[in-house]
Amino acid sequence: MEKVKDSKAAHWLDKLQVEAEPGLTNTQLMLANFDLKPVEPERRQWGAWNFVGFWIADSFNINTWMISSSGILNGLAWWQSWICVWDNIPNSLPESSGTNTRDFTSFFLFWLCSLPAIWFPVHKIRHLFTVKAYFVPTAGVAFFIWAIVRARGIGPIVRQPSKLHGSVLAWEVVKGIMSSIANFATLIVNDPDFARFARKPRDAFWSQLITIPVGFAVTSFNGIIVSSSSSVIFNEPIWSPLDLLKLFLDHNGSTGTRVGVFFISTAFALAQLGTNIAANSVSAGTDMTALMPRYLNIRRGGYICAAVGLAMCPWNLLSSTNNFTTYLSAYSVFLSSIAGVIICDYYWVRRGYLQIRDLYSAKKSGPYYYTLGVHWRGYVAYIAGIAVNVVGFAGAVGTKVPIGATYIYNLNFFCGFIVAAAVYYALCRLSPIPATSDHWLEVGDDVRNGSLAY
């Protein structure tokens, strides 16, 4: 045993360990680190306006813009859908790659520029969203006005009729709504990663309650009108704002057009940077930290996420509106089930009550050890929430399935959420769990210095 402790492998494992507070046992080191422990008052630096800026910034991104504008391509009128670089680089990549040299180079440069932003801790990154909240919506409004002017007014845009009617129209609207929910489903699940840094509970509550629906509605409306304007200007709907900017440039390469395209493109790049940090880097970093806190923190997890993001060839997801919406729906199937279990557990089963130190304990007598260290009720409910949608998902990717399964899948987020929450609640009633309360009993400000040492 002593040889193992003195080996080179053990030496490098010690070097790889993240910084931890003194006094923790080896078991605790495998369950907690600085990024995972309760947030002490000194790090609670997110005020109400930081959350406003965060959601204004995060709602304005290319995904949100394209979700509703893709509804135009599927036959919806503009109001129905709302309810719900340059070519100079020679291509050296094969068609099977799903991209070309120009687009891959642009993606790689964006990916490279994202890496420094991952370095900053979560309670400091709020400044990025403040800058984005001012700059990006301004560019979006400019693009909106520019498109209307090119279409010779908003009249020709809004007068375009719907191509769908009856139940087909109704289900297309439902699918549009589900795609919109899927767009920020990841933020529904990982919002606590940011809300935990709020100065006071109301700083996170009211600002998000108002800003989330308004921010996403305004961005979607922008995307819809601009996409609809392309039907008037170029006689075809362009669902991607970047493709539309390219057409603007191709049809009028004046100095003013080049400056406008540069300004708006830069804004979209900043928009995607902020969204990438919020929805991907921080959430993935936090999740991976929970898996191996002795060796991973949010920063390291964020860089692992960046590496995976490059390796998975994400440009294939945007190759068509069908690929894009199918990807979002699949995403929603898994996240809705997670959200159902989490929200049911906190609000209806535990009623806000948590025994903080026991969350970081591996003692068999602890209330969170469950059965051999596994909370089987949560897993069963999670699988049940996925199962209700899995047949319909098979239909979405080309397999012939019953029409009923398709209708259920069209409501994927709601179905997954409701089924997972209901199954979890029933299982916790049939097989009660410890550390619950009969009345609302949130921890609140009981956390002081955040120490986990016994």
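In case you wondered, yes, glycine gets a Cβ from its N, Cα and C as well.
Automatic prediction, not curation, is the source of TrEMBL annotations.
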Per TrEMBL, the range holding transmembrane segment, considering 157-182, 209-234: 209-234
Same-chain residues near the transmembrane segment (407-427), Cβ under 8 Å, at least 6 residues beyond its ends: 171, 174-175, 178, 181-182, 185, 329, 332-333, 335-341, 343-345, 348-349, 377-378, 380-382, 384-386, 388-389, 391-393, 395-396
Ranked first among 129-149, 300-318, 330-349 for CB pairs under 8 angstroms with the transmembrane segment (209-234): 129-149
Interface present between the transmembrane segment (259-279) and the transmembrane segment (129-149) (three or more C-beta pairs under 8 A): yes
Top partner of the transmembrane segment (379-401) among 104-122, 259-279, 330-349 - counted as Cβ pairs under 8 Å: 330-349
Chain residues in Cβ proximity to the transmembrane segment (259-279) (below 8 Å; excluding those fewer than six residues from its ends, i.e. six or more beyond): 54, 57-58, 60-63, 85, 110, 113-114, 117-118, 125, 128-129, 131-132, 135-136, 138-140, 142-143, 146, 184, 186-187, 190, 194, 241-242, 245, 248-249
